[in-house]
Amino acid sequence: MPHSVLIIDDEEPIAWALRRAFEREGHRVAVAATAEDGLAKAKQNPPDVVFLDVRLPGMDGLTALGELKKRAPAAAVVVITAHGNLNTAVKAVEGGAFDYLAKPFELAQALDAAKRALANRNVGADSVSEDSGGSRPPLAEVDASPDAIIGRSPAMQTVFKRIALVAPTTACVLVTGESGTGKELVARAVHANSPRRGKPLLVAHVAAYNPNLVESELFGHVRGAFTGADRPRDGLLKLADGGTVFLDELADIPLPVQAKLLRVLERQEVQPVGGSESQQVDVRIVSATHADLSAAVREGTFRHDLFFRLNVYPIHVPPLRDRVDDIPLLADYFLRKFGVANPGGALPADTLAFLKARPWPGNVRELRNAMEHAAIEARGGPLRPEHFPEPSTTSGPASTAERLRSLVTEWVRKRVQAFEGREPADLHQALIEAVEPAVLDEVLRQVDGNRLVAARWLGLARATVRKLIRKYHPDTAEPEGDE
Ligand SMILES: Nc1ncnc2c1ncn2[C@@H]1O[C@H](COP(=O)(O)OP(=O)(O)OP(=O)(O)O)[C@@H](O)[C@H]1O
């Protein structure tokens, strides 16, 4: 069915491409290069869908959004922007925009947005925004806050849009992404842009807690619940009543605690350790993980029912390598944050090229630390590539051993949890069987399958190597004469 589409954008090539795409789909299209002209056209001919650019000569797009909603209340508005930040996305959602597209976008994305908009007309901002708009207190200028999320790349625009859409609701959010990508900042932004912003946001760094005390940290305890509990104490979930709890490193939550957490989500009540009575709480949970939680669910170390409860609305924060265009902006931001006078204003072009080309395994956190390091080395002069530390590495011999040890510790903890209070059995044998194939296979690979040499490298008898190969690779043919 043909619909009427209004495009308000002063960038001719974009308006032209959109017009052509929608006309091909059989829709009626009107184009305006200013908000004022767009509003007049909307009044004359109320559109079904409007594509509205934010940056326009004269009245800006976000102001026009409010006017449009008055003049053509049934129209679904898709806001488009090239340099939006979180504030733009939040304002677009608050103003009742149906969707938010970051330039440059593919035409297919625009067509898809229009299709969804038409299907959802009169539904409101989006299916996730339960109670957006209305009489909410004004927002702080997000970029000026210490928790500003810097970035203009399309990848970050998607993050902003998702924060803006979910913030006004009470939905649980799961933030995923590598370490140092800014997951905690995203969690803070969800809270700061939600109606709960006047209430506490409490952070539970689960990995840092003593495993025996995680439960009491989250749920509190009654007097005498355990040795040393000489006074009753509220847990984080109670202390954050009315607000938000940020659960960092979700994958580290022990299984028995996961069961209790599920109850909080299902019944909105907490039961302190050692207590028999439950207390009502109203908390929103935003959690984060850099681990593959679906794999943890498959392995049985994370409850699938809890995973689905917490993952109502996922936000993935991309690694810095997928948004290198944000590096100059971030570098500049950190220098200003550290109060470093940057002689000559912008960073030298060769330094910027160097920063964009080198790896950042520790993501934004590593960039932040590197900027601080370089500013000290440059001693007030321009920052040059030689002032920056080497990229962080986890492949040195010492750190590999350290990583292995900590992985083994994690492995043992999870195995023990999987026994859910029963006495674990055969842990040593299970560990050997988990690692032995890796040792065997890599040595065999390096010696081109020569079992005699492999036995020497491994410090094992040849017959033992043969036995191990049979055990882990029962389908491998025995080489001739190897009996
Ligand atoms: N887009 C960004 N803009 C400004 N600062 C950022 C951004 N992303 C990350 N940072 C900064 O980088 C550091 C790491 O961010 P954060 O702690 O949010 O990462 P994380 O993903 O939660 O890390 P981890 O998984 O290790 O806990 C913080 O100092 C944060 O302020």
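Backbone N, Cα and C define each Cβ position, glycine as well.
The structure displayed is predicted, hence computed values, not measured ones.
Annotated in TrEMBL:
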DOMAIN    4-118  domain 'Response regulatory'
MOD_RES   ASP53  4-aspartylphosphate
DOMAIN    149-376  domain 'Sigma-54 factor interaction'
REGION    379-401  region 'Disordered'
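Taking Cβ-Cβ distances under 8 Å and a sequence separation of 6 or more, the neighbours of the residue listed as '4-aspartylphosphate' in its chain are ILE8, ASP9, ASP10, GLU11, ILE14, GLY61, VAL79, ILE80, THR81. The average pLDDT computed for the domain 'Response regulatory' (4-118) is 90. DSSP assigns ASP53 (4-aspartylphosphate) to a strand segment in the three-state reduction.
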